[in-house]
Amino acid sequence: MSRLSSIYSQHRTSGLRSDRSIMPNSTSNSLRTISSVHLPYNHRARNFHISHAVGDSSEHVIINGQASPSKVVQADAAALGTIAADMAPVVDGFSADDDELDLDSPTEGFSSIPEAIEDIRQGKYVIVVDDEDRENEGDLIMAASKVTPEAMAFIVRHGTGIVCVSMKEDDLERLELPLMVTTKENEEKLRTAFTVSVDAKEGTTTGVSAKDRANTVLALASPNSKPEDFNRPGHIFPLKYREGGVLKRAGHTEASVDLAMLAGLPPAAVLCEIVDDDDGSMALLPKLQDFARRENLKIISIADLIRYRRKRDRLVERVCVTPLQLQWGSFQSYCYRSLIDGMEHIAMVKGDVGDGQDILVRVHSECLTGDIFGSARCDCGNQLALAMTMIEKTGRGVVVYLRGHEGRGIGLGHKLRAYNLQDDGRDTVEANEDLGLPVDSREYGIGAQILRDLGVRTMRLMTNNPAKYTGLKGYGLSVLGRVPLLTPITNENRRYMETKRLKMGHVYGTRPSGNTSTLADGGIKKEQDQIDSASEQE
């Protein structure tokens, strides 16, 4: 067998009769079909019709199968290899500058996160920009505990005039500052959690001057303030920070408090959106960068702050460890739970990791259709099976199975919709783009921290995807080299694999992606022949 699910094994043994559904115990009335797609299947020459349904906030798959002519795994399929593939590290395929892959290296045109943290610590302003698909705007941000009347005047002069203070929920409750509207009633586009506005009672007059607003901000940031110290409503707008910060919500509210805490200051920050001096509209990135240069301010992106925190924060906890006898052999299974979203992941460990040096590693993204049902559209299930076989043969290694990566991060339903678009002529990249979804939104920080917890320090990474090298770098892990996972090409997955090579930089065999021949020309078969030849010479 070449699949990892006992459910799948049972169904295959029983012949997987037509109209058999793999579903939780529920009635059909509790489910809503979202999408369906014809799915060629890698085993027993069958085709299936997959329906994607949603019920009780969970996604389910209904499989209806029937026998079809043997056309899925072609007799003339170009073999990309089996266990005979060379298992020595290959480093030339993913050549890259270390600085380019450094998680602390800022996005081009932005300052580094450590620089911004230091400026926040010193009571300076920082410009924080969010994603272009979100607001694509910038906020002036500084630590609330460091605000001065002069700083407030600068913020009001260059901002909208709506000055907010982001705060943790505990402090808002201590000061008895309820939300302006309930979460259910909040119709603001990004669901920003405004509380009732306030002015400090002491040291203010109208409450609107720069001096008055600075005093109000300082009072909000003080751990000694009490509910009776404020008038309601007022001219400062507290915002409720979501626990987990930018790892939970990629907003300015969360970014500002994260920066204050990273600077070792009280968890409260001033923020105000920056306007274009020319026409009063919201300033977008080019104008924000001009403003930063003119005022000698650091400018950072929330995306960079997310990467910074992912590298340093503890993202997972070990739940349990148990031995498992798998079809490949005996493994120790480690369950981990994400501290960000509660998702559970699993690592299969063979042998003794020991000092963590030179470990054969596969970080595998969940693919229900490929890993469980043997879809011929992709090579995911075959890669997983080959990785497990290689580790079993080596006697020492780790497979980290990351859930929540379905469809390169777009989810099961969207993946099936993308399949329908591929049937209409798009490739795997174009289908995601037509749906308005990212081509690949996966993050590998969870996987990296699991490997660290298991004791892995240096590894031979089994992958054809350079993004995994990038995603695992910077977590105290060293990638000694790449081990290609060369699996069979079929008529069903040929275009998919060619698209990954041409548009996503995947590397098959030992050559850099720019030099690999096309799949249609049998180039990967030639690569495999070269690997086999090299193995024989060794």
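Residue numbering: from 1, along the chain as shown.
Here the Cβ of each residue, glycine as well, is placed from N, Cα and C on the backbone.
Bear in mind that the values here come from a model prediction, so they are computed numbers and not experimental data.
Going by Swiss-Prot, these are the annotated features:
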REGION    1-29  region 'Disordered'
REGION    46-311  region 'DHBP synthase'
BINDING   Arg134, Glu135, Asp139, Arg249, Ala250, Gly251, His252, Thr253, Glu273  D-ribulose 5-phosphate binding site
BINDING   Glu135  Mg(2+) 1 binding site
BINDING   Glu135, His252  Mg(2+) 2 binding site
REGION    312-530  region 'GTP cyclohydrolase II'
BINDING   Arg362, Val363, His364, Ser365, Glu366, Gln383, Glu406, Gly407, Arg408, Thr428, Thr463, Lys468  GTP binding site
BINDING   Cys367, Cys378, Cys380  Zn(2+) binding site
ACT_SITE  Asp440  active site, proton acceptor
ACT_SITE  Arg442  active site, nucleophile
REGION    506-538  region 'Disordered'
Quick one: average pLDDT across the region 'GTP cyclohydrolase II' (312-530), no decimals.
85
Of Ala250, His252, Cys380, i.e. the binding-site residues, those within 10 Å of Glu406 (GTP binding site) when Cα atoms are compared:
none
Of Arg408, Asp440, Thr463, which is closest to Cys367 (Zn(2+) binding site) if I measure between C-alpha atoms? They're all recorded positions.
Arg408
Cα proximity to Arg408 (GTP binding site), best match among recorded positions Asp139, His252, Glu273, Asp440:
Asp440
Suppose we draw a 10 Å sphere around the Cβ of Glu366 (GTP binding site). How many other Cβ atoms does it contain, all chains included?
22
I'd like the Cβ neighbour count for Cys367 (Zn(2+) binding site), meaning other Cβ atoms within 10 Å of its Cβ, all protein chains included.
23
Return the member of Arg362, His364, Glu366, Cys378, Arg442 nearest to Asp139 (D-ribulose 5-phosphate binding site) in space, with distance defined Cα to Cα and candidates limited to these recorded positions.
Arg442
What residue among the recorded positions Asp139, Glu273, Glu406, Asp440 has the most other CB atoms lying within 10 A of its CB?
Asp139
Inter-residue Cα distance where the pair is Glu366 (GTP binding site) and the residue listed as 'active site, nucleophile', in Å:
11
His364, Arg442: which of these recorded positions has the sparsest Cβ neighbourhood within 10 Å?
Arg442
How many Å separate the Cα atoms of Glu273 (D-ribulose 5-phosphate binding site) and the residue listed as 'active site, proton acceptor'?
30
Give me the largest Cα to Cα distance among Arg362, Val363, His364, Ser365, Glu366, Gln383, Glu406, Gly407, Arg408, Thr428, Thr463, Lys468, the residues the record lists as binding GTP, in Å as a whole number.
23
I'm trying to understand the geometry here, so how far is the Cα atom of Thr463 (GTP binding site) from the Cα atom of Cys380 (Zn(2+) binding site), in Å to the nearest whole number?
11
Of Ala250, Cys378, Cys380, Asp440, which is closest to Arg362 (GTP binding site) if I measure between C-alpha atoms? They're all recorded positions.
Cys380
